[in-house]
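Per TrEMBL, domain 'YjeF N-terminal' is recorded for 13-216. Among the features that TrEMBL reports, (6S)-NADPHX binding site is placed at 61-65, 131-137, D160, A260, G321, H371, D437. Residues or ranges marked as K(+) binding site in TrEMBL: N62, D127, S163. Residues annotated as domain 'YjeF C-terminal' in TrEMBL: 225-493. Among the features that TrEMBL reports, AMP binding site is placed at K408, G409, A410, G411, T412, G436.
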Amino acid sequence: MDTPQPLYSAESVRELDRQTIAALGIPSIQLMKRAARAAFAHLHRRWGDIGRIQVFCGGGNNGGDGYVIAALAAQKKIPVTVFACVDPVQLKGDAREAHAYACREGVQVLNSLTELDSADGDTLIVDALLGTGFSGELRPDVGHAIERIRKSPGPVFSVDIPSGLNADSGCAELAVQADMTVTFIGRKLGLYCGRGPALCGEVIFADLGAPVSAQQALQPLVQRYSATSIKRLSARPVDSFKNLFGHILVVGGDNGFGGAVLMAAQSSARCGAGLISLATRPEHLTAALTRCPEVMAHSVISGQELEPLLEGPDVIAVGPGLGRSPWSEQLLARAGRAQVPLVVDADALNILAGGRVLAGVKRDDWVLTPHVGEAARLLGCDTKEVLADPRAAAVAVQQKFSGVVILKGAGTLVAHDGGVDLINSGNPGMASGGMGDLLTGIVAALIGQHLPLVEAARLAVWLHGEAGDRAAEEGLRGLLATDLLPWIRRLVD
Ligand SMILES: NC(=O)C1=CN([C@@H]2O[C@H](COP(=O)(O)OP(=O)(O)OC[C@H]3O[C@@H](n4cnc5c(N)ncnc54)[C@H](O)[C@@H]3O)[C@@H](O)[C@H]2O)[C@H](O)CC1
Ligand SMILES: [K+]
């Protein structure tokens, strides 16, 4: 099994740059040329037959990488032009030297966008405007260059990070949309969370010979887990019996939301739970028994009626379709005090955010599964603040409520006492009702099968996203939550 990948802040990677230069005993220009060669090798492998290349260079070392890439293209006799977003006379240090190298190789350098031919489909754009040095509000001149890149019909290659994307948070107002990004020396968190996954295209990592010891010395922001580094369930013993694999109780399904609670129960079942009970409104019982006879469905019309059902289960998932009525609040108030691990999702989170039910309760044995809006409500802030720094938001929710927090997104974050993990998961087809209910059921089933909460959260996010990807192979649009159920079953072992 692989180890998870460390994801760093921009500042840590700049420190890694410095340590790599020192460890390799080479001048920084050599590291820049090594970066540019690595970038050029990947872009040439993918677009070797491209008609021409336009390189957009900024005023720092990211731009310096771009000038060297232009020189390498010229050496390969590929027609190449550089747009210098910052007048080359202002360049300093390695970037200045890289510009001189490009000029020696006969590269044409233009200072104005109007002089630059408009790109066609056979033009590869290389984005070397901004790298880890980007900070604050985007300067208008660079913004115009980014807009020009976004309008080009051909492929786009970003050096180190798509310009305009924040390397630490994945936040981006205006940024380059790349088909491929080659990132150097250390993986930046912003490539894998927030808008990073959508803006980067294929991400390729080039370590440029950075010493592993230097990488280990730095504190990563996040550990990134993938199929090969996530802990799976152990094989089932021959003499298995159903109680070995957990009894899950799913609580929810207010008027009109009977499907949500049933989908959570079904995904628990498909994830290997031994027994599943359902506590919901009486009107949903028939449907539950018809759709999923394996589930033991109970009608509850008050918190008092729920109480006896809280005794048997090993894990309780509360929230799918729970609603925010007095009935909903009564059920959460009771379930929230049960003495077994909880998975708290959807409207249960919104009720929690309201502060009237379970006020001030912190538990080490619950998993909260907010999306961005629910996280904002739990923190009493605006959604924009969560999007501006998803990692910080996940940590803040975990510090406020304890336990494990799954902050859902294209790069889903799992915050816990030991740090923050990231699992890239899912696809745009999963932006439809019920997907969150499935995840809730999977988390509960994995806890019921004796995975520690953090491992259950990581595996559930991966399993949910992978099942979504497999199901989406038949098409993104019209992908239904229940389409994932057979895939959950195939992938859980
Ligand atoms: N350090 C090394 O040995 C290597 C670095 N690599 C590449 O270098 C960049 C980091 O370079 P740096 O000069 O520190 O910063 P950038 O080029 O990313 O950006 C600085 C550049 O951008 C301008 N700028 C900053 N903020 C804004 C803004 N909000 N709006 C507009 N412009 C902005 C600033 O004025 C400077 O002109 C790294 O990403 C790598 O690509 C090599 O990869 C390895 C060796
Ligand atoms: K860039």
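Residue positions begin at 1 at the first shown residue.
Each Cβ is built from the backbone N, Cα and C atoms, and glycine gets one as well.
Small disclaimer: the values here were computed from a predicted structure and weren't measured.
TrEMBL feature annotations superimposed on the structure.
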residue	record	Cβ within 10 Å
N61	(6S)-NADPHX binding site	27
N62	K(+) binding site	26
G64	(6S)-NADPHX binding site	32
S135	(6S)-NADPHX binding site	11
S163	K(+) binding site	29
H371	(6S)-NADPHX binding site	19
K408	AMP binding site	24
G409	AMP binding site	23
G411	AMP binding site	27
G436	AMP binding site	24
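Less than 6 Å separates the Cβ from ligand 2 in the case of N62, D127, S163, drawn from the binding-site residues N62, D127, S163, A410 in sequence order. Checked against ligand 1, the binding-site residues T132, S163, A410, G411, T412 give T132 in sequence order as having a Cβ less than 6 Å away from one of its atoms. Counted within 10 Å of its Cβ, the other Cβ atoms near D127 (K(+) binding site) come to 30, all protein chains included.
The distance from the Cα of G64 ((6S)-NADPHX binding site) to the Cα of D127 (K(+) binding site) comes to 11 Å. Confidence in the domain 'YjeF N-terminal' (13-216), given as mean pLDDT, stands at 96.
When the C-alpha distances from S163 (K(+) binding site) to the binding-site residues K408, G409, A410 are tabulated, the minimum falls on A410.
When secondary structure is read from DSSP and collapsed to three states, A410 (AMP binding site) falls in the coil class. The two recorded residues N61 ((6S)-NADPHX binding site) and T412 (AMP binding site) have their Cα atoms spaced 31 Å from each other.
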